[in-house]
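The feature active site, proton donor/acceptor is assigned by Swiss-Prot to GLU146. The Zn(2+) binding site annotation in Swiss-Prot covers HIS117, HIS119, HIS202. Per Swiss-Prot, compositional bias 'Polar residues' is recorded for 1-17. Residues or ranges marked as region 'Disordered' by Swiss-Prot: 1-21.
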Amino acid sequence: MAKQVENNNNDHLVQSTDPEHPSNLIPELCRKFYNWGWVTGTGGGTSIRRDDHIFIAPSGVQKELMKPENIFVLQFPTPKYPPSERKYIRKPLDLKPSACTPLFLAAFERGAGCCIHTHSQWAVLVTLLVEREKGPGGYFEISNIEQIKGIPRGKGKGMLGFFDTLRIPIIENTAFEEDLTGSLEKAMEENPDTCAVLVRRHGIYVWGDNVAKAKTQCESLDYLFQLAVEMHKLGIPWVKE
C-alpha cells in the first residue's frame with residue numbers, strides 16, 4: 001500500500017505567497033465559481049497539476065470558504081484505483097479527498113494541466129434537452145456562434161471557427177461520482193479532441209493545458225449552454241443548416 005503522508009509533514013506544499021501557486025489559485029477559483037452559481041452546496045471541484053504534484057480541492061468544504069490549508073496534494077503519476085493506493089503526500093487530517101479525484105486523474109493522464117468540474121444549471125439543462133430531442137446517445141452540438149471560437153479543435157490544433165460545429169459528448173450519471181470514471185475515459189477515447197464531457201442531470205468536466213485555458217474554456221462552454229437553452233425557447237436550432 002502506498003504510504004500516506006499526513007498534513008503536518010508537508011504543509012510547505014500549500015504555503016506560498018505566489019498568487020499563481022495552485023494552493024492559492026484553487027480557493028480563488030472556487031470562490032469565483034461559487035459566485036457564478038457553478039458549485040453550490042459544496043458540489044463541484046477543481047484540480048491543478050504542477051510538474052509531478054497534483055493539487056485538489058477537498059470534499060465537503062463550502063467552496064466560498066476554502067483555504068490553502070484545505071488542499072490535498074498527490075504525487076503524479078498515481079494509481080486511480082484502489083483509492084488506498086493513491087500517493088497522497090499532503091492530506092488534511094480532518095477532510096475527505098474529493099470524489100472527483102479519479103476523473104481529474106483521467107484528464108491529467110491525457111496531458112491536462114487543470115481540470116474543473118461544475119454543477120452548472122445550464123450544463124444540466126442542455127443534457128436534458130439533448131436527451132429529449134436526440135435520445136441518450138446524443139451529443140450537445142452548436143454552430144455559427146462567435147463564442148465557439150473560445151474552444152480548441154484539439155490539442156495543438158488551434159481553435160474552432162465561427163462556422164464549425166462544436167460537439168460535446170454526454171455520459172450518464174451514476175449514484176457515486178467515482179463510478180463515472182470508466183464512462184468519462186471512454187468518452188475521452190472516442191472523442192480525443194474534446195476538452196469537456198457533460199454528465200447528464202449532473203454537470204460537466206472541462207480540462208485544459210493550464211489554469212487559464214481550462215477556466216476560459218469552461219466560461220465559453222457555459223455561455224454557449226445558456227445561449228442554447230434560450231435559443232431552444234425561441235425555436236431556434238442550435239446547428240445552422
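Any Cβ shown, glycine's included, is placed from N, Cα and C.
Here the structure is a predicted model, which means the values were calculated and not measured.
A straight line from the CA of HIS117 (Zn(2+) binding site) to the CA of the residue listed as 'active site, proton donor/acceptor' spans 24 Å. Taking the mean position of the Cβ atoms of HIS117, HIS119, HIS202 as the Zn(2+) site, the remaining same-chain residues with a Cβ inside 8 Å of that point are GLY43, GLY44, THR118, SER120, ALA123, VAL199, GLY203, ILE204, TYR205. Here HIS202 (Zn(2+) binding site) comes close to HIS119, VAL124, THR127, ASN173: these same-chain residues lie at least six apart in sequence, with C-beta atoms under 8 angstroms from its C-beta.
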